[in-house]
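Comments concern the structure below.
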Amino acid sequence: MTQETLKSDIKALLKERNAVLLAHNYMRDEVQEIADITGDSLALSIEAAKTDADVIVFCGVHFMAESASILAPEKTVLLPRLDAGCPMADMVSVEALREMKAKLPGVPVVTYVNSSAAVKAESDICCTSANAVKVVQSMSEKEIIFAPDRNLGSYIARFTDKKFHLWEGYCPTHERLRPEVVKELKQANPDAPFVCHPECNPKVVELADHVCSTTGMYDYCKKSGAKRFIIGTEAGILWRLKRESPDKEFILASPALICPNMKLTSLEDVFEALQQMTPVVKVTEEIRIPAKRALDRMLAIPRD
């Protein structure tokens, strides 16, 4: 079956199943191309919460499909590749988080959405890279537990005087971008602003001309007068950047910026998931209700 045939078959199945296809900005180009909506974790969470579709096909990783199930329990949520996990999300367990909470009684837990549903259920509020600063600034407490991304936590800490108890988690893909590589690129391309994701190492973030979520990158590059940009996030973002700003050049800061989990989902996987209506991701009510509380608190706060 050719890619074009696959795409038209997927479109037909989406219509037949009254399904919506959500794709994260880091997905393969051809998957983003057929998506009804592409976006970052926050945009896709909002979409999952408000869609009229009966079925949500989530092209992303496991925690994202869980978030869709938490926010839209009446929908069928399909994750074409059940093995598409997130190493960062796996770096925090419910048991370890409970231990930290016991050591710091009364200190609220702010959890990055890159976490399991069970961890969200132990949290006071969630955040994404697009709203993290506003989420933390909205809290009256003077100290917080921030999990699981130490890099995002370090970045947010710059904008507040709160005391942070940082979890020692990180994104292996973003962590691979080294400051010395960025310095060389900036020297070789002095006209190109370096735009990076706050999941990058703090030493890389210090070199950035602009730090933002993936959605923030699209907006920044569109509005900027610059014609060339050095991009410090996962390679999947390039497809939409080039589509939205075809007259501009985008230099990926490192060939190592590829997330193997985000690249697992193929058009064949999407087709099979729709055809067989499996694998389904469903969060149990006992976890869903407290996790939804943390997500709802986040969704009430405007994004950056």
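Just so it is clear, glycine is given a Cβ too, placed from its N, Cα and C backbone atoms.
Swiss-Prot lists H24, S41, Y112, V113, N114, S129, H197, P198, E199, T214 with the feature iminosuccinate binding site. If you take the C-beta of H24 (iminosuccinate binding site) and look for same-chain residues 6 or more apart in sequence within under 8 angstroms, you find T38, G39, D40, S41, L44, C59, G60, V61, M64, G236, M262.
Classification of C259 ([4Fe-4S] cluster binding site) by DSSP places it in coil, neither helical nor stranded. Per Swiss-Prot, [4Fe-4S] cluster binding site is recorded for C86, C171, C259, and the stated evidence type is sequence analysis.
On a Cα basis, C171 ([4Fe-4S] cluster binding site) lies 12 Å away from Y112 (iminosuccinate binding site). A distance of 17 Å separates the Cα atom of C86 ([4Fe-4S] cluster binding site) from that of H197 (iminosuccinate binding site). When the Cα of C171 ([4Fe-4S] cluster binding site) is compared against those of the binding-site residues N114, H197, E199, the shortest separation belongs to E199. The two recorded residues E199 (iminosuccinate binding site) and C259 ([4Fe-4S] cluster binding site) have their Cα atoms spaced 13 Å from each other.
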